[in-house]
Each structure stands twice: as structure tokens, then as C-alpha cells.
């Protein structure tokens with residue numbers, strides 16, 4: 001692109017001003033910025049950091065999608081939500097990370113108006129869908145642990161919920177897509193390494209009034225961060241209380257006491273994981289939202305705005321995007337079924353026959369399951385509704401309780417008939 005003159009032709013000088021006065025006025029009103037916002041070492045550091053989380057996001061979320069779609073036994077309600085979370089995080093990696101990195105490295109917007117609108121819309125929708133899916137996972141865990149005998153979600157209802165999530169994400173980001181536009185910054189130019197000047201273009205929300213942008217920022221903050229965070233914290237606190245209040249095995253044998261100690265340690269690990277999930281979401285997105293609110297509501301000087309846009313925003317965006325890269329680890333690796341599904345899928349592809357991998361991954365040996373379960377105390381229910389969260393939705397027989405992942409827990413202890421006051425419900429520790 002050819003450089004435009006930094007001064008207009010002589011015929012455009014306003015009447016009543018001589019040439020020297022105009023030259024002085026133009027020299028003081030024009031702003032020149034470097035084409036690259038950072039030095040080479042700083043830019044290399046940002047590029048390496050963004051490439052790292054991009055690769056983690058692509059590999060981790062692709063593996064989650066592969067495991068769920070490859071194994072029919074993994075297509076449970078919660079895993080459908082985790083699959084949707086992986087899809088939305090993949091969109092974050094594809095559409096958010098590269099454009100944000102480019103926008104943070106160079107001055108101005110290098111793409112056209114259509115890319116400006118579509119990039120903003122897809123970015124906002126993918127982030128919103130990711131956050132809304134985290135809430136859906138928390139609600140589903142809450143229903144299965146705190147209220148295990150209430151009617152469970154079916155796969156059809158889960159898919160409908162996912163469709164609603166994306167519809168809400170589209171609805172909340174429509175104002176941004178409408179107002180986003182590419183505008184040329186008057187009296188502001190970019191300079192390359194050879195001192196050639198280029199016009200500066202920006203992709204930003206052109207609201208009719210500045211106050212409307214402030215209101216929209218507050219709405220986004222409430223719907224994409226504050227309310228989801230409150231719901232996630234409330235749900236996980238209730239789950240943690242339920243786990244902590246659950247009694248151990250009723251038998252007083254030495255083996256039962258030892259199993260009770262192991263159960264307590266497993267409960268503690270589950271509670272720690274729930275705390276980690278809530279804290280990680282809070283800390284990942286809080287810096288970016290603080291900066292966005294400062295831009296709209298803080299009375300910042302030009303120097304402060306420049307420092308925030310050049311240094312603070314790239315770090316805040318990186319931290320928020322890291323959340324999408326770490327979700328497969330939090331919701332996938334810490335889930336026993338995902339670990340076994342991953343092993344089964346790759347053993348079947350690499351060297352094992354499919355039937356052997358399937359048998360190894362989904363073995364229902366009682367001693368293995370017993371070591372990985374958490375006992376939760378629940379009240380008996382007269383409804384006897386089976387769990388429809390998994391592939392097995394048949395009505396459980398006497399002495400058996402439905403689990404959220406479609407398995408059945410056998411109750412073979414004494415005094416566990418219909419007249420028993422409390423029934424222990426076993427739940428896989430990392431599947432909540």
C-alpha cells in the first residue's frame with residue numbers, strides 16, 4: 001500500500017492562514033505510530049506464548065471431541081456438554097487467538113470490514129458458549145449429586161440445551177456484530193521500518209452514543225462472567241457440602257474402616273478439584289474484564305490507555321485463552337472415563353484389536369470400581385426413576401440405584417430394603 005502524504009496539497013490550506021502556521025498546526029495534530037507495537041524480543045515472547053496455548057487448545061479439545069465421537073459409551077449427558085465445551089474452545093482457538101495476537105502485535109486493523117464483523121461475532125459467540133456450557137456442566141453435576149433421584153436429563157434434552165446455549169450466545173453478541181465496523185483514524189498514521197507512512201484503520205464498536213457502549217459492556221460482564229461465576233460457585237459449594245456430609249460405610253469391620261479412610265481422602269480430592277475449577281475460571285477471566293471495565297468507566301489518560309492496550313491487554317487475553325486450553329485437562333483428564341476412553345481409542349488405532357481395547361477400557365470389575373467411587377448419603381425415593389444420563393437407561397432392579405453415567409450401583413449390605421432410612425449412593429469420584 002502506497003504511503004499517503006502527511007500533509008495536504010497547498011490548495012487545501014484554510015483561508016486566513018499562511019504556510020508556516022498551517023505546517024506548525026499539522027505537525028502538532030498528526031500522530032505517527034510504529035507499525036509494530038513491540039520490539040522483536042517482546043514480540044517473540046508473545047508469539048511463543050500464544051503458539052503454546054494455541055497448540056494446547058487444538059490438541060486437547062480435538063482429543064476430547066475424538067474420544068466422545070469415537071466411543072458410543074462416552075455419549076452421556078455430561079460428556080455431551082464437555083463435547084460442546086471442547087467445540088466452543090476450538091472456535092476460541094481458531095478465531096480468537098490468531099486475530100488477537102495479530103491485533104496485539106501491529107498497530108491498527110489489517111483486515112476488511114466483513115472480517116471485522118465476523119471475527120467479533122464468532123469470538124463473542126464461542127466465548128459465551130464456552131462459559132454457558134461450564135454452567136450447564138455445573139448444573140448437571142449438582143442435579144446428579146445433590147438431587148440424585150430427580151428426573152435426569154436425557155440426551156435429547158441435553159442436545160436441546162446445547163442448542164439454547166448457542167442461541168443465547170448469538171443473541172447476546174448481535175449488538176456487537178451490528179456496531180462493529182472498520183473506520184479510518186483521522187490524523188493518525190503508521191510508520192514502517194523505512195519511515196513510510198500508512199493510514200491507520202481500527203475495528204471497533206461504533207455506538208451512536210458512548211453511554212450505550214458502557215451499558216452493553218456491563219450487560220456482557222453480568223451475563224458472561226458475573227452470573228455464570230455465581231452459579232458455578234453456588235452449585236459446587238452445594239456439591240462439596242453434600243460430599244462432606246456423606247457418611248462412610250455402615251459396617252464396623254477393619255476393612256470397612258480402611259475403606260472409609262480411603263473414601264474420605266477421595267472426597268477431599270473431589271472437593272479440591274471443585275475449588276480449583278471455580279478459582280481457575282475466576283482468575284482466568286477477571287483481569288480481562290477489569291481492563292474492559294476500566295476502558296469504558298475509568299477516566300484514563302492517553303498514556304494509560306496506550307500502556308493498557310500494548311502490554312496489559314495481550315497478557316489478559318492470553319490468560320483468558322489459557323482457560324480454553326486447560327479445559328480439556330480439567331474436564332477431560334481428571335475424568336476417569338475420558339482417560340480410559342483415550343487409552344481405548346489409541347490402543348485400538350495403534351496396535352490393539354478393537355474388542356480388546358473396548359474390554360480394557362470399559363471393564364466393570366467390582367474391585368476396580370469400588371476403589372474409584374465416592375459414597376454419598378441420599379434419602380430414599382418412591383419414584384425409582386432410572387438415570388437417563390448414560391447409554392443404559394433401564395429400570396434398576398431391587399437393591400440397585402441408578403448412577404448418572406448409566407451404570408448401576410449394587411447395594412448388598414444388610415438392612416438395605418425399602419424400609420431403610422438412608423441408602424449410600426456410589427458415584428465415580430472424577431465424574432462429578
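Glycine residues also receive a Cβ, built from the backbone N, Cα and C atoms like all the rest.
Swiss-Prot lists 1-43 (among others) with the feature topological domain 'Extracellular'.
The N-linked glycosylation site annotation in Swiss-Prot covers 10 (among others).
Per Swiss-Prot, the feature N-linked glycosylation site maps to 18 (among others); the stated evidence is sequence analysis.
Marked as transmembrane segment by Swiss-Prot: 44-64 (among others).
Marked as topological domain 'Cytoplasmic' by Swiss-Prot on the basis of sequence analysis: 65-80 (among others). DSSP assignment over the topological domain 'Cytoplasmic' (65-80) gives 13 helix, 0 strand, 3 coil.
As annotated by Swiss-Prot, transmembrane segment applies to 81-101 (among others), with the evidence given as sequence analysis.
Nonlocal intrachain contacts for the topological domain 'Extracellular' (102-117), taken as residues 6+ away from its ends with a CB within less than 8 angstroms of a stretch CB, comprise 33-38, 43, 46-47, 177, 180-182, 185, 190, 200-203, 310, 313-314, 317. Swiss-Prot lists 102-117 (among others) with the feature topological domain 'Extracellular', giving sequence analysis as the kind of evidence.
The N-linked glycosylation site annotation in Swiss-Prot covers 113 (among others). Non-local contacts of residue 113 (N-linked glycosylation site) by the CB criterion (under 8 A, 6+ apart in sequence, same chain) comprise 181, 182.
Among the features that Swiss-Prot reports, disulfide bond is placed at 116-203. Of all Cβ atoms in the protein chains displayed, 21 besides its own lie within 10 Å of the Cβ of residue 203 (disulfide bond).
Annotation source Swiss-Prot lists transmembrane segment at 118-138 (among others), citing sequence analysis.
Residues belonging to the topological domain 'Cytoplasmic' (139-158) score a mean pLDDT of 86 in the model. Annotation comment: Swiss-Prot describes 139-158 (among others) as topological domain 'Cytoplasmic'.
According to Swiss-Prot, the feature transmembrane segment maps to 159-179 (among others), an assignment based on sequence analysis. Below 8 angstroms of C-beta separation, residues 80-81, 84, 117-118, 120-121, 124-126, 128-129, 132-133, 136, 153, 205-207, 216, 219-220, 223-224 of the same chain, each at least six residues beyond the ends of the transmembrane segment (159-179), sit close to that stretch.
For 180-214 (among others), the entry in Swiss-Prot reads topological domain 'Extracellular'.
Residue 195 (N-linked glycosylation site) falls within neither a helix nor a strand when secondary structure is assigned with DSSP, and so counts as coil. According to Swiss-Prot, the feature N-linked glycosylation site maps to 195 (among others).
What Swiss-Prot lists as transmembrane segment is 215-235 (among others).
Per Swiss-Prot, the feature topological domain 'Cytoplasmic' maps to 236-273 (among others); the stated evidence is sequence analysis.
Annotation note: residue 203 (disulfide bond) sits in a strand segment as assigned by DSSP.
Around residue 195 (N-linked glycosylation site), a 10 Å sphere centred on its CB holds 8 further CB atoms from the protein chains shown.
A Cβ distance under 8 Å defines the sequence-distant neighbours of the transmembrane segment (215-235), meaning residues of its chain 6+ beyond its ends; these are 127-128, 131-132, 134-135, 138-139, 141-142, 172, 175-176, 205, 207, 277-278, 281-282, 285-286, 289, 292-293, 296. Other Cβ atoms within 10 Å of the Cβ of residue 116 (disulfide bond) number 21 in total over all chains. Between the alpha carbons (Cα) of residue 203 (disulfide bond) and residue 195 (N-linked glycosylation site) lies a span of roughly 24 Å.
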